C-alpha cells in the first residue's frame with residue numbers, strides 16, 4: 001500500500017527514505033498489532049492498543065436520555081490509555097497521508113500555487129477536515145448526552161470520573177491527533193520559521209485537552225472544543241477559498257465576527273460552569289481516588305488557564321486587525337499621492353503638446369503661402385485648404 005509517488009529511491013533508513021515512506025512504515029506497525037489479535041498469547045497485549053481500558057459496569061437510574069435504566073459500561077482513565085493513544089496516533093498518520101495524497105495533492109496540481117501558499121493550503125486542508133469531523137462528532141455527543149437541553153449537567157454531580165465509551169474514545173482520538181502533529185512537522189518538512197507558530201497552537205490544544213481529561217472536566221471540555229473547532233474551521237475554510245479565488249474576502253469577515261463571539265461565549269461558559277457551578281458544590285475536598293479536584297486553587301488555576309488563553313487570542317486578533325487597517329490606509333494614501341503627482345504632469349504634457357502643434361502649424365503656413373504676385377489667376381490659397 002503506497003501513499004506517495006516514488007520518483008526516486010533512497011537508501012534504507014536514511015532521512016529521505018523515512019520521510020517518503022513514513023505512512024507505509026506506520027501502516028505495517030498497525031497491521032502487526034492487528035495480527036496480534038489472532039493469537040491467544042498476544043491478544044491481551046494487542047487489545048490494550050485498540051480498545052479503551054478501565055471499563056466498569058454500573059447500574060444507572062436513567063436520569064438522562066443517554067443513561068437508560070439498567071446496566072451500562074463506563075470508563076475512567078489510567079496509564080494504559082497511553083497505549084491506546086499511541087495506536088490511534090498511528091491511525092491518524094495514515095489518514096493524514098491519505099487526505100494529503102488523494103485530495104490535497106490533486107487540488108494543488110490544478111491550482112499551481114507557490115511553495116509558501118502550497119504549504120499553507122496543505123495545513124488548512126488537513127485542519128479543515130479534522131475540525132469538520134471533530135465538531136460534528138462533539139455536537140453528536142453533546143446532543144445524545146443531553147448537555148444541550150440541560151446545561152446544568154455540565155457541572156452537576158461532579159466529579160465526572162466515569163465516562164461513556166463515546167466520550168472517552170473522543171478524548172483519546174483528540175490526544176492522538178494533536179500528538180501526531182508533532183512528528184508531522186518532520187515528515188512534512190515544515191520550514192523553520194513556521195515551526196514555532198505550529199508548536200504554539202499544538203501545545204495549547206494538548207494542554208487544554210489533557211487538563212479537561214485528567215481533571216474530570218470532560219463535559220465542559222466538550223462544549224469548549226466544539227466552539228473552538230467550529231471557529232477554526234471557519235478560518236481555514238476561508239483561507240482555502242481565498243487560495244482558490246483571491247478576490248473572495250467575505251468569508252474572512254464572517255469568520256471575524258464568529259471568532260469574537262466564540263471568545264465571549266467561551267469566557268461566559270467557563271465562569272458559569274467553573275466559577276459558579278462548581279463553587280456551589282458541597283464536596284470541595286481534594287480526593288485523588290475519587291477524581292475530585294473541586295478545590296478553590298484548582299478552580300482558579302483552570303479559570304486562569306482558559307481566560308489567559310482566550311484573552312491572548314483576542315489580543316492577537318485585534319492587533320492583526322489594527323495592523324491590517326493601518327497598512328490599508330497607508331496604501332490608500334500612497335495611491336492618492338501618486339494620483340495627485342500624475343495629474344499636473346499630464347496637464348503640463350498636454351499644454352506643451354498644444355503649444356508645439358500650434359507653433360508648428362503657424363510656421364508651416366507662413367512658409368508655404370505664396371505671395372500675391374506669384375499666385376496664378378483664379379487660384380485661391382488659404383490656410384483652410386492646407
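Indices start at 1 and increase along the chain as displayed.
Using the three backbone atoms N, Cα and C, a Cβ is placed for every residue, glycine included.
Note: TrEMBL annotation is automatic and uncurated.
Database features, via TrEMBL:
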type	residues	note
TRANSMEM	21-39	transmembrane segment
TRANSMEM	85-104	transmembrane segment
DOMAIN	119-328	domain 'TLC'
TRANSMEM	125-149	transmembrane segment
TRANSMEM	169-187	transmembrane segment
TRANSMEM	199-216	transmembrane segment
TRANSMEM	254-276	transmembrane segment
TRANSMEM	296-315	transmembrane segment
REGION	334-386	region 'Disordered'
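Across 85-104, 169-187, 199-216, stretch 85-104 shows the highest tally of CB pairs under 8 A with the transmembrane segment (125-149).
If you look at the transmembrane segment (199-216), the same-chain residues 6 or more away from its ends with a CB under 8 A from one of its CBs are 77, 158-161, 171, 174-175, 178-179, 181-182, 185, 224-225, 291-293, 298, 302, 305-306, 309.
Same-chain residues lying 6+ beyond the ends of the transmembrane segment (169-187) with a Cβ under 8 Å from its Cβ atoms: 19, 22, 52, 81, 84-89, 91-93, 96, 130, 134, 137-138, 141, 163, 195, 198-199, 202, 205-206, 209-210, 212-213, 218, 221-222, 225. For the domain 'TLC' (119-328), the mean pLDDT of the prediction comes to 92.
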